[in-house]
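What follows is a set of notes on a single structure, which appears directly below.
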Amino acid sequence: MSMGSFGFALAVMVLAVLVASAAGAPNTNLVSSACNGNKIPSGNPFFNNLGALLVDLEKNTAFSGFDYKASRAGSGGAPTAYGRGVCKQSISQSDCTACLTNLGGRIWGISKNAIGARVQLTDCFIRYEQYSI
């Protein structure tokens, strides 16, 4: 292989690695959060409604124009959970879903079980409340 061919092949490989890394996982760095000061009492059935809502946001936001609102009716006397999932338009559907799934798994710790929260990662956002949003 000549030096010119080797240089070209090396350049193509470097470019391929850069493109692959740029198209990789979403940016899930925490940007901001704001949480209601009231907490969900331990064992409250609202946890179940909210958990189902978060899964709904994770699964459907990417396929609803990257901006999706939903609610989960209260059960066991618990209030209805309302929420919104949003992703940057510049990321792929799979990255949107991955970002929201990442956030859904972290939101309990970030919000410290608040009855309402807004949490922004670099590539996605979730808001949930006990009232319509």
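Note that Cβ sites are derived from N, Cα and C of the backbone, with glycine treated the same way.
Bear in mind that the values here come from a model prediction, so they are computed numbers and not experimental data.
Some features that Swiss-Prot has for this protein:
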- ASN36, ARG118, GLU129: alpha-D-mannopyranose binding site (BINDING)
- CYS87-CYS96: disulfide bond (DISULFID)
- CYS99-CYS124: disulfide bond (DISULFID)
- 28-133: domain 'Gnk2-homologous' (DOMAIN)
- 1-24: signal peptide (SIGNAL)
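Here the features listed in Swiss-Prot are painted onto the structure.
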residue: ASN36; record: alpha-D-mannopyranose binding site; DSSP class: coil
residue: CYS87; record: disulfide bond; DSSP class: strand
residue: CYS96; record: disulfide bond; DSSP class: helix
residue: ARG118; record: alpha-D-mannopyranose binding site; DSSP class: strand
residue: CYS124; record: disulfide bond; DSSP class: strand
residue: GLU129; record: alpha-D-mannopyranose binding site; DSSP class: strand
Recorded alpha-D-mannopyranose site residues ASN36, ARG118, GLU129, farthest C-alpha pair in Å
9
Using a 10 Å cut-off on CB atoms, tell me which of the disulfide-bonded residues CYS87, CYS124 is the least crowded.
CYS87
In chain order, residues whose C-beta lies under 8 angstroms from the C-beta of CYS99 (disulfide bond), counting only those at least six residues away in the same chain, are PRO26, ASN27, THR28, CYS87, ILE91, LEU121, ASP123, CYS124
Of the binding-site residues ASN36, ARG118, GLU129, the one whose Cα sits nearest to the Cα of CYS96 (disulfide bond) is ARG118
Around the C-beta of ARG118 (alpha-D-mannopyranose binding site), how many further C-beta atoms are within 10 angstroms, looking at every protein chain?
18
Any same-chain residues 6+ apart from GLU129 (alpha-D-mannopyranose binding site) with CB under 8 Å of its CB? Would you list them in sequence order, or say none?
ASN36, ALA81, TYR82, GLY83, ILE115, GLY116
Average the per-residue pLDDT over the domain 'Gnk2-homologous' (28-133) and send me the rounded value.
95
Taking the recorded alpha-D-mannopyranose site as ASN36, ARG118, GLU129, identify the other residues of that chain whose CB atom sits within 8 Å of the mean position of the site's CB atoms, giving them in sequence order.
ALA34, CYS35, ALA114, ILE115, GLY116, ALA117, ARG127, TYR128
Around the Cβ of ASN36 (alpha-D-mannopyranose binding site), the count of other Cβ atoms that are within 10 Å
15
